[in-house]
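Trainee: Summarising the annotation, TrEMBL assigns domain 'Myosin tail' to 53-267. Look at TrEMBL and you will find 171-274 tagged as region 'Disordered'. Look at TrEMBL and you will find 180-192, 231-253, 262-274 tagged as compositional bias 'Basic and acidic residues'.
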Amino acid sequence: MTQALCRGYVMRKELVKMMERRESIYSIQYNIRSFMNVKNWPWLKLYFKIKPLLKSAETEKELQQMKDNYDKMQPDLATAHKKKELEEKMFPKEVENLSDAEERCEGLIKSKIQLEAKLKETSERLEDEEEINAELTAKKRKLEDECSELKKDIDDLELTLAKWREHAIKQEEMASQDESNAKLTKEKKALQEAHQQTLDDLQAEEDKVNTLTKAKTKLEQQVDDLEGSLEQEKKLRMDPERAKRKLEGDLKLAQESIMDLENDKQQSDEKIKK
């Protein structure tokens with residue numbers, strides 16, 4: 001917004017200068033037309049005939065040189081006038097193009113800000129997903145360790161159960177053996193159920209990890225797409241700025257040419273008046 005206001009202020013200043021230069025050119029043209037209207041009057045011809053008698057030959061030579069310079073400047077003045085008219089016609093269009101370019105730049109800047117905000121939000125979501133994925137991976141590793149410990153406990157209990165069975169057979173205590181076997185079998189079943197539950201929990205955590213991995217991949221793709229869109233917006237933003245600089249450069253060169261011709265014409269008019 002500040003850049004647009006500054007550019008508008010500068011362009012208004014430049015427009016005022018151009019209007020002042022245009023008024024100066026109109027004044028010069030008016031003086032030239034006035035001279036062209038009276039140059040064939042008898043009294044002016046008489047003045048031109050008497051003037052060489054009043055001044056030295058050097059003054060007459062200088063006057064002739066000034067007339068020659070004036071005649072030489074007529075084509076340049078006509079060209080400058082045509083060029084000025086063309087520039088006056090083109091100036092509103094160039095100002096309009098410059099305004100359109102500024103509006104496009106502002107739109108691109110807003111789009112860039114929105115894309116950067118969306119990219120930041122997506123990056124934050126991706127970081128959150130990565131943290132959740134890391135936590136689930138740690139839980140998975142912990143469950144795998146617990147599963148290994150449960151397997152070891154089952155193996156130990158099976159070994160203990162075998163020893164108890166062997167001991168019961170040797171002691172021929174069938175009742176105690178049946179009771180012990182039932183107890184060990186119950187414990188074994190409980191451990192097996194716990195082991196199965198652990199396996200089920202582990203599978204559920206693996207499914208969550210896979211789902212989050214897919215979501216992470218999708219978010220990374222969105223980040224890549226957003227970065228590509230941001231680069232394209234930056235490129236589009238550079239094109240109108242180049243066009244704007246070119247128009248400003250052409251306008252400045254044209255203004256400098258008009259100023260040079262105006263200075264030469266003013267010097268010639270001053271010499272003619274003398």
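Backbone N, Cα and C atoms are what each Cβ position is placed from, and that goes for glycine too.
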Trainee: In terms of Cβ proximity under 8 Å, which residues at least six beyond the ends of the compositional bias 'Basic and acidic residues' (180-192) contact it?
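Mentor: Here the qualifying positions are 150, 153-154, 157-158, 160-161, 164-165, 168.
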Trainee: Helix, strand, coil: count each for the residues of the compositional bias 'Basic and acidic residues' (180-192), based on DSSP.
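Mentor: Counts, helix then strand then coil: 13 helix, 0 strand, 0 coil.
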